[in-house]
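> Feature annotation from TrEMBL assigns active site, nucleophile to A:Thr174. Per TrEMBL, the feature substrate binding site maps to A:Thr141, A:Lys163, A:Thr174, A:Glu253, A:Asn374, A:Thr379.
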There are 2 protein chains.
Amino acid sequence: MKSICGVEGVSAAGIKEGKYGLALIRASGTAAGVFTTNRARAAPVEVMMERMRRGTLDAVVVNSGCANAYTGERGYRDAVEMCEIAGGALGLDAESVGVASTGVIGRYLNLPLITDQCGRVAPLLAHSADAEDAAARAIMTTDTFPKHALVETETFAVGGITKGSGMIAPNMGTMLAFLYTDAEVEGPVLQDILRTATRRSFNRVVVDGDTSTNDVAFCTATGAAGKVDRAELATAIEAVCRDLAVQIARDGEGATKLLEVTVRGAPDEDAAAEVARTVVASPLVKTAIYGEDPNWGRVVAAAGRAGVAFDPYAVSLSVGDTPLVLRGEIVADLVQAKAAMRGSTVAFDLDLAAGDGLATAWGCDLTEKYVEINGKYTT
Amino acid sequence: MKSICGVEGVSAAGIKEGKYGLALIRASGTAAGVFTTNRARAAPVEVMMERMRRGTLDAVVVNSGCANAYTGERGYRDAVEMCEIAGGALGLDAESVGVASTGVIGRYLNLPLITDQCGRVAPLLAHSADAEDAAARAIMTTDTFPKHALVETETFAVGGITKGSGMIAPNMGTMLAFLYTDAEVEGPVLQDILRTATRRSFNRVVVDGDTSTNDVAFCTATGAAGKVDRAELATAIEAVCRDLAVQIARDGEGATKLLEVTVRGAPDEDAAAEVARTVVASPLVKTAIYGEDPNWGRVVAAAGRAGVAFDPYAVSLSVGDTPLVLRGEIVADLVQAKAAMRGSTVAFDLDLAAGDGLATAWGCDLTEKYVEINGKYTT
């Protein structure tokens with residue numbers, strides 16, 4: 001197993017038919033969720049923000065191809081109806097079924113298709129590597145590979161799947177991510193752990209700076225493994241979130257390289273994260289990465305507009321193991337720097353010399369392919 | 001005349017040799033300036049923030065090819081030296097010469113080249129259409145056309161030139177812009193007028209969301225036309241700034257279309273501007289414009305993440321004359337909408353129904369060419 005079926009008590013299934021996919025995941029337990037901060041929240045997000053208050057889930061149903069976003073009251077009713085369809089297919093109370101959608105904004109759900117797909121997917125539910133992979137593939141849109149992560153400790157496991165490739169600048173919520181653990185944990189604790197893990201992982205990925213209307217991350221704890229150490233659980237959940245977040249960045253639309261920016265020496269962790277996010281989001285940094293052009297001045301320029309106080313002439317910057325700036329002094333050997341940008345991962349380390357804050361953010365290069373994918377996505 | 005030489009008392013000259021250009025503009029008068037808010041300010045910006053306190057200028061010297069940004073104390077001394085070189089060539093006190101630079105960050109100025117170019121450009125100073133065009137061309141980097149604007153009233157004139165194509169998300173300051181008027185006006189009044197005009201023009205252009213280290217706009221008032229009505233002067237300066245700003249957007253790196261987004265019904269003007277800027281900056285909106293894809297949901301999604309309070313189901317949206325959403329109801333005819341995106345300007349009008357705030361922002365589409373230009377800009 002590579003993800004959710006590595007967790008006791010989780011079964012999954014999914015199908016993908018052209019643009020339209022549907023996944024079902026069955027697992028009962030304490031549940032927590034984080035949601036997009038975009039003001040134009042999708043209907044399934046509205047539904048789940050209410051439903052997650054009860055603090056438990058028995059299943060989730062997810063469709064790809066239509067975001068059910070900006071669809072008003074009809075969209076809300078459709079999202080509720082989608083839970084009922086899935087609940088019917090699974091023999092569960094609709095209120096205990098979570099719902100998420102991803103795809104084009106401003107289009108209504110095709111409920112007959114969802115009904116048909118639920119009817120065919122439900123009998124396929126299984127606790128297997130194939131099943132978790134089918135679910136991960138069913139929720140893909142422009143993703144080029146399914147995204148799995150699993151952390152196993154001696155006493156419990158945490159697994160997750162996610163999707164996301166474009167419209168990626170999560171804020172508080174994230175793209176679609178579904179995490180499971182067999183640890184036994186109280187709802188408020190799980191919510192707290194998930195919020196922190198999300199802040200340090202999904203919320204530090206920027207593909208294009210656009211925050212989706214549909215971002216959600218759910219974590220369900222089945223309790224099958226009994227009580228566990230809280231810190232250990234938090235570490236495992238954060239590790240799974242980070243693993244999935246890095247996969248999203250690497251699979252950014254049109255990306256050829258992963259961009260990893262670590263900012264240290266910031267006034268605090270939030271400031272470090274803000275600078276790191278600003279650098280990975282900069283179109284000029286992203287195109288330089290693509291061109292393997294050691295135009296490191298763009299990194300300093302992006303950091304300078306992040307709204308964080310620091311002295312530009314105190315900073316140190318390196319790419320890979322190659323120093324570029326040492327406490328404000330330019331020491332860049334541009335031939336070496338170019339060589340350090342050749343691999344599939346380009347890592348900058350920026351020390352602001354303004355405190356103890358540390359954070360890493362992930363993104364990708366900006367290529368002609370991103371333009372091609374997004375110039376022709378809907379119609 | 002098309003710009004600065006349409007103003008009494010202004011003479012100009014410039015040369016462009018490969019990547020390296022130099023312009024001189026001679027005009028004595030009351031002067032005002034606005035500057036980048038990027039924390040990593042370029043050396044010439046640092047110098048000018050101090051010098052503008054005296055409130056007058058006799059000339060400006062501008063080079064392209066090297067930004068003299070992130071160059072520390074040596075960069076600062078070089079910028080001061082550049083004023084002295086220009087002052088020497090023009091027979092002026094160096095303290096009365098303004099300086100600006102644009103180009104690659106993290107490289108030192110080539111002062112022998114600047115000396116040589118100043119020596120050759122100074123004798124060419126003239127009050128002519130050719131001269132203003134030579135100056136406008138000398139300051140270009142990735143710009144594809146020189147940018148001129150001129151407003152003539154019965155009693156006075158305002159002219160300006162600017163450059164800017166990439167790293168465009170001005171904030172408080174702008175790219176390089178040089179404005180002249182023969183109106184007689186006190187320094188603080190001119191500063192106030194310029195700040196407001198900049199806020200409503202250059203600060204509403206986003207090409208790629210990267211705020212330059214070198215943004216500046218200067219306005220010099222020669223006084224040759226005598227005292228004028230303050231409101232009329234403000235209107236003329238704002239019109240020139242807006243004309244230049246739109247030219248920058250249209251000449252965005254790799255752009256094929258101008259994107260104009262008007263937001264009305266916002267809580268106030270600043271909120272309207274924030275939403276408009278967020279929409280024109282959205283990579284997903286920009287790529288949809290390029291693909292002439294009426295994926296208008298991306299406009300609503302971008303507006304939703306701008307941090308401004310509104311009800312997504314109260315908004316109205318149109319592209320050109322084609323309504324897409326009317327008070328929250330989807331009325332889009334996608335064939336008509338696609339047709340409305342075919343011209344060289346694509347204009348969205350978004351009514352948030354949340355107040356009286358109105359603002360327009362300008363940007364451009366995102367194309368493969370932007371990636372190509374910026375993947376290979378320095379080395």
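From the backbone N, Cα and C atoms, a Cβ is placed for every residue, glycine too.
Since we're looking at a predicted model, the values are computed, not measured.
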> Against chain B, with Cβ pairs under 8 Å, which of the binding-site residues A:Thr141, A:Lys163, A:Glu253, A:Asn374 show up? Give them in sequence order, please.
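Among the binding-site residues A:Thr141, A:Lys163, A:Glu253, A:Asn374, the ones whose Cβ sits under 8 Å from a Cβ of chain B are A:Asn374.
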> With every protein chain in view, how many other Cβ atoms are within 10 Å of the Cβ of A:Glu253 (substrate binding site)?
28
> Would you identify the secondary structure of A:Asn374 (substrate binding site) according to DSSP, in three states?
helix
> So which one is it: of the binding-site residues A:Thr141, A:Asn374, which has the fewest other Cβ atoms within 10 Å?
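Sparsest of the binding-site residues A:Thr141, A:Asn374 by Cβ contacts within 10 Å: A:Thr141.
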> Tally every other Cβ atom lying within 10 Å of the Cβ atom of A:Lys163 (substrate binding site).
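28, counting other Cβ atoms within 10 Å of A:Lys163 (substrate binding site).
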> Look up A:Lys163 (substrate binding site) in the DSSP assignment and reduce it to helix, strand or coil.
strand
> Under DSSP, is A:Glu253 (substrate binding site) helix, strand or coil?
coil
